[in-house]
């Protein structure tokens, strides 16, 4: 819980206890309240100091950011224990989770083009490619035939716009980490039939875990100052979208809904059936929020799930679960679905709720250790957590194919392989694959960085009949290798395994040392 993260309170109360001062409960509560006020006052002073170091327009932007941060910090100091009571959690009623098959059975009306003209596609583009060993925004990593995440997104939307003769704009939510590089790259799409807009998510100060004060000494983000700041999770989309002025601009242009997803989820394409379902809800039950969920597998046990809580749909994340119930949360029997973070949200509702300050997203306390060893915390929120604030919210249980995130080189191997075919920027499972499920792929640390990964494959193996692949150690693959069933390849420390060109491995374990040298 958030309270456990707050190191100061127990220490201070502890020292008073040692002084054998017998504080009554009321006295203790008053003491804690004074302490909280002190933390808040000190934080506000530090933020004011930081603002004096701003240059030009930076001051206005930072001022708006800090307003949001103060609100989050205030709530963080108030939090007591887990944010949910376990006995109040219920499975969502069936009429609030609509099966995709039923939605797809509806015939699309001729008015689908009119619906598309009311849609905006938003991609969360704040992340860097560092976890995959790449510099710059993650969205510019090549994932398929030299196409980056961003290329594929632009192709998809351009294809929609041309096919239906509509104007669906693309909006990228960048962070201070990705904005500059992204804007340079966007120049290459000038002649594509897509209007592209960007806005920046907020920039919040990381907090020293001991003092609960900002680490930053000024507003600089370059050089040594970079790690003093962070983008506060995708829950920040509502405030930063509103503050950018783009939300109002799109509403004025007649847009009604956004389709939001992570830019690295290659399954998150505009689905006409879900869009039509959203637009055709009865007038008195206008749906303001759809969350796409999909069935959990063992790999997804940590994913957030939809629950019914106080008669509202609500997102339950593992961080909110009391320790005693974590195993229950992970069980696939009680919580069968998880959030894909593909969301369809009403623009007018975002405006209304933001202006009423009524979003109330749970705070995620993310502890980090900076390079110098300093322990910090960053306060974040998740975009899906706001579902409880919207009217007539629904879940749609979609096929797994709409959740195809590329977080690691193991994921990259899947999407680069012949398991998928590429059509107008969209990846679909090859018809030659007999099973609809994707193979389980686990590549070892020698494959973590994209550059190393690419060096180890002369060509991507045929994986149409693969169920499970584990590779560990110094392993390389020759051209036209075929992998079938379960394949495990383990090169021990100091050994190397070269899988020869044209090899067919079916239900094989390969270990030891296998070198193939040019003659």
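Quick reminder: no glycine exception, Cβ is built from N, Cα and C everywhere.
Some features that TrEMBL has for this protein:
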| type | residues | note |
| --- | --- | --- |
| BINDING | 138, 201, 233, 264, 407 | UTP binding site |
| BINDING | 234 | substrate binding site |
**OP:** Quick one: of the binding-site residues 138, 201, 264, 407, which has its CA closest to the CA of the residue listed as 'substrate binding site'?
**Re:** 201
**OP:** Using the structure shown, find which entry in 138, 407 (the binding-site residues) has the sparsest Cβ neighbourhood within 10 Å.
**Re:** 407
Subject >> Maximum Cα-Cα separation in Å among residues 138, 201, 233, 264, 407, which the record lists as binding UTP >> reply: 21
**OP:** Would you count the other CB atoms within 10 A of the CB of residue 233 (UTP binding site), including those on all shown protein chains?
**Re:** 23
